[in-house]
């Protein structure tokens, strides 16, 4: 099973088992431990006291409630109106070098910091990642509940660790006594399993808590950390590249400057924005703490736009476009003009031999895919689904850039097929044209329908 250190297991086909697994793990550590402590007189110092019972169960109650909220709170849903879309798309209102991203799945422009989740099948406001343990996206609206769940879970695990430690220390001090004077075999096996489960869970969730706290204080999501790493890697590659052949003829690498992360407003403003209130007394309340709400598009506000710190030349420059992808597309394309080569004519690809070669290549790919599907027909259930999904992932051929941990956007739940288009912007490669060459065909068709409907109404 493929496991991501921050986002959990990434193996497709088993997502329905993640939440029941969390429930079983909480039940085992939270309630079986109490059963063992209260019913095994041979485990000294004996049953839990009244104070220990109340404290432990109060922490478990907070844990259950915050986990329920992290699983059930809606991560946010954008509702686009045609009139406001048209105003949003008006190029006269756009800022220089502003990156506007078009979602091919939602057929609409993405607001800043939004990404299309391949699990939720829609664009999510301020998407951090899709958490399989909650079967929900960590987003603008769910982040406070996710943070509270991690906080109370770690506190409960620390408290359980203290209860286990007092009993393990007694067992260790009595290790030289005859075995019949110590705990039973069942008690020894049970407390060993509890210790292993407690250590493993605390280790994983403590790392996730630290990462989430970092995101909270810096007002940066896991996806934006990935984008920042990619941008810094590209800047380093530009500074270290000594060969002009690495870049296309129409791209001067010196024209690409570093873009600063624009949403870090200071730690208190960052934390207040993420929790939906500046009242820090409500931030960690399991009940009544609340969280931010997605604003209405007509009124604007949180979710549709975000305050920036002004460190960049213009607002709306984040995220930086993937210049490496643009370079590969231009340099590897059949129409790319290399040094010493004659530029390919417009009808180059329409020769008979080229069409035949392309058809045969696609035919071989289809045959290989069909053979793979036939091999999977004899398998059923979860295993067959796992291998089929993994095979589909390999066939996409979109490995993309990976950070130092080997992660790409797919690992955070982002639908990479919907992340390809940067449209309606003046490129940082140079002065952009005012035509619609970069606008997706579906968006042009939608615009035409809107204009036709307006003409009919008038």
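If you go along the chain as it appears here, the first residue is 1 and each next one adds 1.
The backbone N, Cα and C atoms fix where each Cβ goes, and this holds for glycine too.
Just so you know, TrEMBL annotations are computer predictions that nobody has curated.
Taken straight from TrEMBL:
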ACT_SITE  131  active site, S-palmitoyl cysteine intermediate
DOMAIN    98-227  domain 'Palmitoyltransferase DHHC'
REGION    381-409  region 'Disordered'
TRANSMEM  16-37  transmembrane segment
TRANSMEM  145-165  transmembrane segment
TRANSMEM  185-210  transmembrane segment
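Listed as Cβ neighbours of the transmembrane segment (16-37) (distance under 8 Å, sequence separation of 6 or more from its ends, same chain) are residues 8-9, 43, 47-48, 53, 56-57, 60, 63-64, 67, 71, 132-135, 156-157, 160, 163-164, 167, 187, 190-191, 194, 197-198, 201. In the predicted model, the domain 'Palmitoyltransferase DHHC' (98-227) has a mean pLDDT of 92. When Cβ atoms from all protein chains are considered, those within 10 Å of the residue listed as 'active site, S-palmitoyl cysteine intermediate' total 23, not counting its own. Taking DSSP states H, G and I as helix and E and B as strand, the domain 'Palmitoyltransferase DHHC' (98-227) has 74 helix, 19 strand, 37 coil.
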